[in-house]
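Features as listed in Swiss-Prot:
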type: BINDING; residues: H75, H77, H145, D167; note: Zn(2+) 1 binding site
type: BINDING; residues: D79, H80, D167, H394; note: Zn(2+) 2 binding site
type: BINDING; residues: H368, V369, S370, G371, H372; note: substrate binding site
type: REGION; residues: 578-640; note: region 'Disordered'
type: COMPBIAS; residues: 598-610; note: compositional bias 'Basic and acidic residues'
Amino acid sequence: MAKNTQTQALKILPLGGLHEIGKNTCVFEYDDEILLLDAGLAFPTDDMHGVNVVLPDMTYLRENREKIKGMVVTHGHEDHIGGIAYHLKQFDIPIIYGPRLAMALLRDKLEEAGMLERTNLQTVSPREMVRLGKSFVVEFIRNTHSIADSYCLAIHTPLGVVMHSGDFKIDHTPIDGEFFDLQKVAEYGEKGVLCLLSDSTNAEVPGITPSEASVIPNLDRVFSQAEGRLMVTTFASSVHRVNIILSLAQKHQRKVAVVGRSMLNVIAHARKLGYIKCPDNLFVPLKAARNLPDQQQLILTTGSQGEPLAAMTRISNGEHPQIKIRQGDTVVFSANPIPGNTIAVVNTIDRLMMQGANVIYGKHQGIHVSGHASQEEHKMLLALTRPKFFVPVHGEHRMLVKHSQMAQAQGIPSENIVIVNNGDVIELTGDRIRVAGQVPSGIELVDQAGIVHESTMAERQQMAEDGLVTVAAALSKTGTLLAYPEVHCRGVVMTIQPKLLEELIVRTIENFLTERWSEFTHGSNGSTEVSWNALQKELESSLQRLIKRELQSSPMVLLMLQTDTPIELDQVPQNVSTVSATSATPAPRKKVVLTKTPEPKVKAKPEKKVVTTAEPSAQPVSTTKVYRRSRKRSTTSVSS
């Protein structure tokens with residue numbers, strides 16, 4: 001029996017890229033079939049300690065993996081394809097269609113991650129149509145952007161055509177001679193576009209975004225004026241910009257040494273596919289370039305965004321093994337900082353200048369243009385497509401608002417425009433658009449080991465802000481201390497004497513054992529069993545309260561227990577170890593008496609060891625110690 005398309009709805013679920021820059025990921029769902037459009041990443045902020053990349057929460061796709069029919073990719077930027085290798089570890093994507101350059105870059109990523117066998121990569125040509133499942137047919141329409149081989153998409157669904165602009169600007173003098181296919185866009189507008197989802201990045205900017213070709217005379221001037229070594233940094237994926245730089249190097253008779261893995265990779269693929277045309281002898285290894293006269297050298301490198309491990313950042317820090325800044329060097333930043341990177345870029349520029357480099361940077365130099373459309377280009381796309389419904393995407397909140405205002409000015413009724421959040425479920429019928437619900441929409445953080453969960457990030461942040469206090473205590477099966485506890489503080493601002501803090505900690509442990517030991521013991525058949533895990537958690541909480549009260553801060557508290565009681569392996573908590581009864585001398589349980597004198601007096605214990613932040617770690621009481629981060633709960637805006 002045929003399904004009634006008048007009552008069915010098309011669902012559109014943006015999982016990333018809204019009210020932010022990066023993580024562009026969108027899901028289209030109809031009749032139990034899912035089409036995925038792009039799957040990008042973002043880069044971590046300064047407070048995401050140890051994190052390499054940020055991904056959208058893909059819980060919805062993990063839970064509906066059997067519905068996924070495939071993916072379409074608009075272009076090869078990291079914020080559109082950078083997450084795919086990570087996601088393939090969690091769910092299969094049967095087939096991925098995309099431009100030649102994007103697929104070449106993606107293939108490298110998947111091979112490196114060992115994920116190439118989890119999907120099938122297929123390249124497309126302009127105006128090519130592909131079918132995914134029974135519900136979706138997608139046509140690829142060439143647009144213009146800062147990377148070669150970029151597309152907008154016409155997604156045919158049972159309810160009508162939904163157009164997605166991809167990242168775009170309307171460049172009338174493109175470097176590669178490939179124009180935005182506005183004719184095809186207009187044809188869809190004539191036939192009728194149900195909904196348009198459009199890039200909002202530069203929706204605040206009046207006028208028209210300058211052509212990529214406009215940077216050529218300004219960069220040419222810089223090349224002409226540079227008397228010594230010339231170093232240029234830009235986005236590795238800005239193929240058109242890289243092509244301009246290489247052409248100018250050839251014109252000014254400079255040999256090019258390419259530094260940075262991503263830059264080398266993109267240039268290799270772009271040359272193979274014909275997007276960059278230059279002779280082989282233009283390039284020299286970095287070691288060979290150092291033997292050339294300064295005026296014949298051009299070092300093309302990554303690091304335009306101040307990335308910590310990128311080549312230009314390492315050069316500015318004096319950490320690059322082969323490149324040291326010297327007086328007379330000219331360094332060109334042919335890129336503007338993306339949101340969140342401004343401080344890192346400014347610091348990199350400052351360090352380069354301090355070492356004597358002449359640094360060329362900033363919008364006033366005319367050496368960079370955006371790859372995103374400004375207001376007049378947005379108006380043109382709206383006029384050509386004439387969509388019934390409109391959803392601004394790919395941008396921060398103010399950009400989305402400005403874009404929606406332009407759409408209203410172009411004649412789209414306000415009730416036909418929705419500004420949505422990541423995770424919102426847009427429900428689209430032939431005559432209505434609405435937000436019908438929400439799916440998980442947080443973020444997933446990835447470090448070198450894998451996914452970083454919320455609790456781990458909270459612990460890292462806590463240690464970064466307030467430091468770490470570790471307490472090691474050895475207990476007997478009767479609840480007495482086998483030895484005087486060890487206390488170590490790292491990164492903690494001490495508002496009281498370390499010795500006094502140690503004595504307070506010891507007294508808290510002794511009081512706890514005296515007053516509450518019986519809560520964690522129970523007997524059977526004449527033997528006594530101890531709930532070590534529960535005891536550890538409660539004692540650790542008591543120490544946390546004490547330290548917070550005394551230090552007026554909240555360092556992470558890590559309690560490590562040792563016991564002389566044999567314990568079954570499945571009963572041993574991660575931070576409890578067993579010790580031989582002979583490995584430590586039992587210490588008599590004694591109260592530590594604190595007085596109001598400047599130096600508290602306590603009965604001397606021969607085995608006592610006092611450890612402060614200035615001392616190296618003391619030898620442990622026993623030969624076995626297990627260290628573990630505590631699982632203290634902490635509120636955080638990061639979701640797993």
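Glycine too: its Cβ is placed from the backbone N, Cα and C atoms.
When Cα-Cα distances from G371 (substrate binding site) are compared across the binding-site residues H77, H80, H145, D167, H394, the shortest belongs to H145. The substrate site, placed at the center of the C-beta atoms of H368, V369, S370, G371, H372, has further neighbours from the same chain whose C-beta lies within 8 angstroms: S146, K169, N202, T209, P210, E212, N336. Spatially, by CA atoms, the binding-site residues H145, D167, H368, V369, S370 include one closest to H80 (Zn(2+) 2 binding site), and that is D167. With respect to their backbone Cα atoms, H372 (substrate binding site) and H75 (Zn(2+) 1 binding site) stand 13 Å from each other.
Each of G17, G22, N24, D38, G40, T74, H75, H77, G166, D199 belongs to the same chain as D79, H80, D167, H394, is absent from that list, and has a C-beta within 8 angstroms of the C-beta centroid marking the Zn(2+) 2 site. Among the binding-site residues D79, S370, H394, the ones whose Cα sits within 10 Å of the Cα of H145 (Zn(2+) 1 binding site) are S370. Other than H75, H77, H145, D167, the residues of this chain whose Cβ falls within 8 Å of the Cβ centroid of the Zn(2+) 1 site are, in sequence order, T74, G76, H80, S146, I147, S150, G166, F168, G371. Taking the Cα atom of each, S370 (substrate binding site) and D79 (Zn(2+) 2 binding site) are about 15 angstrom apart.
In the three-state DSSP classification, H77 (Zn(2+) 1 binding site) falls within coil. When Cβ atoms from all protein chains are considered, those within 10 Å of H145 (Zn(2+) 1 binding site) total 30, not counting its own. Closest in space to D79 (Zn(2+) 2 binding site), of the binding-site residues given as D167, H368, V369, is D167, taking the CA atom of each residue. The shortest Cα-Cα distance from H394 (Zn(2+) 2 binding site) to any of the binding-site residues (H75, H77, D167, H368, V369) is found for D167. Neighbour counts of Cβ atoms within 10 Å were compared for the binding-site residues H77, H80, H394, and the top value is held by H394. Taking the Cα atom of each, D167 (Zn(2+) 1 binding site) and V369 (substrate binding site) are about 14 angstrom apart.
Cα of H77 (Zn(2+) 1 binding site) to Cα of V369 (substrate binding site): a distance of 16 Å. The separation of H75 (Zn(2+) 1 binding site) from V369 (substrate binding site), Cα to Cα, is 18 Å. According to DSSP, S370 (substrate binding site) is assigned to coil rather than to any helix or strand.
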